[in-house]
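Contents: one structure, followed by commentary.
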Amino acid sequence: MSSQKQLEGMIFDVQSFSVHDGPGCRTTVFLNGCPLSCKWCANPESWTVRPHMMFSELSCQYENGCTVCHGKCKNGALSFNLDNKPVIDWNICKDCESFECVNSCYYNAFKLCAKPYTVDELVQVIKRDSNNWRSNGGVTFSGGEPLLQHEFLHEVLLKCHEVNVHTAIETSACVSNEVFNKIFNDIDFAFIDIKHMDREKHKEQTGVYNDLILENISNLANSDWNGRLVLRVPVISGFNDSDENISDIISFMHKNNLVEINLLPFHRLGESKWTQLGKEYEYSDKGDVDEGHLEELQDIFLDNGIACYVGHVTAF
């Protein structure tokens with residue numbers, strides 16, 4: 001009799017020796033899929049669960065006469081200009097399931113943004129890395145939004161706790177109450193993002209309203225969950241750094257007895273990924289957040305009795 005097939009999850013990266021994603025030295029697992037579409041997103045390749053392709057012009061050897069991908073795309077998504085440079089029709093490419101261009105490329109110019117793992121395969125990676133953590137570390141599930149693959153994640157979490165692996169999550173909390181509560185039963189530490197307190201402004205820049213997000217955070221804060229919760233705010237000048245929004249965040253935290261927040265200054269490190277996905281990056285001209293302004297925001301939280309960490313300087 002054949003054994004039951006294991007659940008598979010789609011993962012776009014696994015990083016060992018992460019020191020900014022929770023207490024101690026950790027393995028961070030990046031799961032595909034996200035209900036948000038933040039205009040500043042550093043990991044836009046994570047938005048869909050299904051595999052899709054990225055193209056790096058810097059890795060492509062078209063200028064050296066390489067033609068290995070010519071004629072490989074049977075769907076007509078791939079053509080070439082007079083300089084031999086690949087030209088991609090992303091409207092066709094997004095529905096591809098065969099990825100002949102990826103399979104043909106010697107130089108990783110075409111690459112997939114998702115790799116399937118079974119539960120046991122991923123747990124084996126985590127257990128292997130646990131030799132590096134010893135008692136100080138664990139695994140952090142990030143994304144994308146890891147809760148979108150909640151059935152797979154739940155099975156992995158159960159196996160992690162069987163071998164006493166500390167579990168953390170980085171989440172938008174933008175999932176149903178049922179899914180959120182089920183997963184958090186097996187979470188020891190959490191970063192949860194608050195992009196903006198105003199629901200309309202939140203939707204304008206992320207594609208979704210924030211009602212469900214705030215509801216899940218409130219429910220968690222007022223439950224008997226005994227893990228550690230740190231809110232995170234990606235600080236973006238002109239979007240969510242106003243006195244009004246900061247005051248609203250503080251009021252929300254006081255109302256729910258939340259005591260820790262992490263301010264992450266905006267960066268453009270993911271811009272090249274947008275180009276590789278054929279997407280327009282609207283934040284290319286957005287300036288960095290002034291360090292002095294970040295210190296002012298930090299002082300406001302501290303003056304209101306909230307532990308506030310800036311960037312990767314956290315109390316771990």
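Any Cβ shown, glycine's included, is placed from N, Cα and C.
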TRP40, CYS41, ALA42, ASP193, ILE194, LYS195, HIS267 bind S-adenosyl-L-methionine per Swiss-Prot; candidate in GLY76, GLY144, GLY305 listed for that same site: GLY144
Intrachain residues whose Cβ lies under 8 Å of the domain '4Fe-4S ferredoxin-type' (84-115), provided they are six or more past its termini: 10-12, 32, 45-46, 49-57, 59-63, 65-69, 72-78, 277-278
Shell of the [4Fe-4S] cluster 1 site beyond CYS34, CYS38, CYS41, same chain only (C-beta within 8 angstroms of their C-beta centre): LEU36, SER37, TRP40, ASN43, PRO44, SER46, TRP47, THR206
Nearest of the binding-site residues (CYS105, GLY144, LYS195) to CYS41 ([4Fe-4S] cluster 1 binding site) - Cα to Cα: GLY144
Predicted model, mean pLDDT over the domain 'Radical SAM core' (20-307): 96
